[in-house]
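First up is the structure itself, then whatever we jot down about it.
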Amino acid sequence: MNIHEYQGKELLRQYGVAVPNGKVAFSVDEAVEAAKELGSNVCVVKAQIHAGGRGKAGGVKVAKNLDEVRTYADEILGKTLVTHQTGPEGKEVKRLLIEEGCDIQKEYYVGLVLDRATSRVVMMASEEGGTEIEEVAEKTPEKIFKEIIDPVVGLQGFQARRLAFNINIPKELVGQAVKFMLGLYKVFVEKDCSIAEINPLVTTGDGKVMALDAKLNFDSNALYRQKAILEFRDLDEEDPKEIEASKYDLSYISLDGNIGCMVNGAGLAMATMDIIKHYNGEPANFLDVGGGATAEKVTEAFKIILSDESVKGIFVNIFGGIMKCDVIAEGVIQATKEVGLSIPLVVRLEGTNVDLGKKKLEESGLNITAADSMADGAQKIVSLVK
């Protein structure tokens with residue numbers, strides 16, 4: 001789950017991580033009032049959307065008086081920002097962060113991620129702040145320093161100090177930087193983050209170390225124990241189809257293709273998308289119905305897939321282990337009748353009760369194309385949607 005920058009900074013502040021003073025605004029008048037309350041000579045007006053690259057897209061403006069705050073707020077609110085992370089459709093700005101300006105001396109990068117290679121949380125830091133860390137990794141990887149964190153003892157002070165010295169934090173500010181990193185790590189662990197990025201971390205003219213931007217993502221599987229984080233959820237920033245899918249414990253991610261996929265198991269779902277691509281098709285979604293799908297779940301899955309107008313055909317690829325193929329067949333039949341399916345449907349079943357499942361599909365009298373294998377199914381659906 002993603003949250004907005006201002007929410008991330010609010011959370012960081014609770015853990016003693018230094019951030020600039022700021023206020024959220026949902027209207028132009030609120031933005032001006034927020035700037036008045038901050039009382040800063042310079043304010044930054046920042047669009048709040050779940051995507052990076054806002055500055056380049058015109059979503060971050062520096063205002064030197066209240067008139068400029070009003071002008072920029074009016075300009076940004078309601079605007080659709082298109083960045084490298086939003087896709088061509090962009091995201092509409094519905095809220096702003098009005099933040100006090102600061103005298104930036106130097107920009108750095110600090111981030112925490114899960115490293116699959118070591119199965120550990122890793123803190124990364126670089127003195128190349130303010131730019132995409134992926135770009136730094138590609139062009140100058142020697143400028144990125146890492147500390148692998150032992151989960152038993154957590155991030156240690158000496159590790160934070162080593163990072164601070166490696167990225168050339170001024171010696172007199174190393175203590176602040178260490179406190180910052182330790183606080184950030186505490187947030188990451190205690191709040192079940194999957195990513196915590198501060199880009200840029202800055203040193204200021206008045207001798208402070210603070211987060212100028214904050215990106216915190218959270219493990220959705222841990223939200224049951226993170227009620228406070230769940231309250232930060234902004235449904236306006238999420239795909240309506242993904243929201244609907246979550247109500248039925250379906251894992252759904254929208255893609256750009258025209259072949260709807262309904263599969264059980266994340267691995268099989270990814271393999272299904274791969275094989276569709278292999279046969280020159282384009283998947284319209286990732287949809288994992290899970291191991292305990294019912295006829296109701298399958299019906300809802302069909303409805304969600306069909307709510308995407310770009311879908312021209314559906315490929316159902318099920319391996320019945322925990323889930324029985326006859327139950328899936330019943331769900332497919334029920335869903336096909338209920339939604340009045342008018343586009344091609346290819347079904348591949350394998351596993352528990354597969355013969356019974358295939359028999360039910362054959363006897364349904366519906367226009368369902370059976371597939372003998374995953375490759376056969378992919379070829380059939382690709383040819384049917386052309």
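Cβ coordinates are placed from backbone N, Cα and C, and glycine is handled just like the others.
The feature domain 'ATP-grasp' is assigned by Swiss-Prot to 9-244.
In this structure, Glu107 (ATP binding site) is part of a beta strand by DSSP. Residues or ranges marked as ATP binding site by Swiss-Prot: Lys46, Gly53, Arg54, Gly55, Glu99, Cys102, Glu107.
Here Swiss-Prot flags Asn199, Asp213 as Mg(2+) binding site. Asn199 (Mg(2+) binding site) falls within a strand when secondary structure is assigned with DSSP. Taking Cβ-Cβ distances under 8 Å and a sequence separation of 6 or more, the neighbours of Asn199 (Mg(2+) binding site) in its chain are Tyr109, Val110, Gly111, Gly129, Gly130, Ile133, Asp213, Lys215.
Met323 (substrate binding site) carries neither a helix nor a strand DSSP state and counts as coil. Summarising the annotation, Swiss-Prot assigns substrate binding site to Asn264, Gly321, Ile322, Met323.
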Sparsest-packed of the listed binding-site residues (Glu99, Glu107, Asp213) - C-beta count within 10 angstroms: Glu107
Gly321 (substrate binding site) and Glu99 (ATP binding site), Cα-Cα, nearest whole angstrom: 54
Cβ-based isolation winner (fewest other Cβ atoms within 10 Å) among the binding-site residues Lys46, Arg54: Arg54
Per-region confidence, the domain 'ATP-grasp' (9-244) (mean pLDDT, whole number): 93
Rounded Cα separation (Å) that holds between Met323 (substrate binding site) and Gly55 (ATP binding site): 48
Cβ packing number for Gly53 (ATP binding site), 10 Å threshold: 15
Distance from Gly321 (substrate binding site) back to Glu107 (ATP binding site), taken between C-alpha atoms, in Å: 52
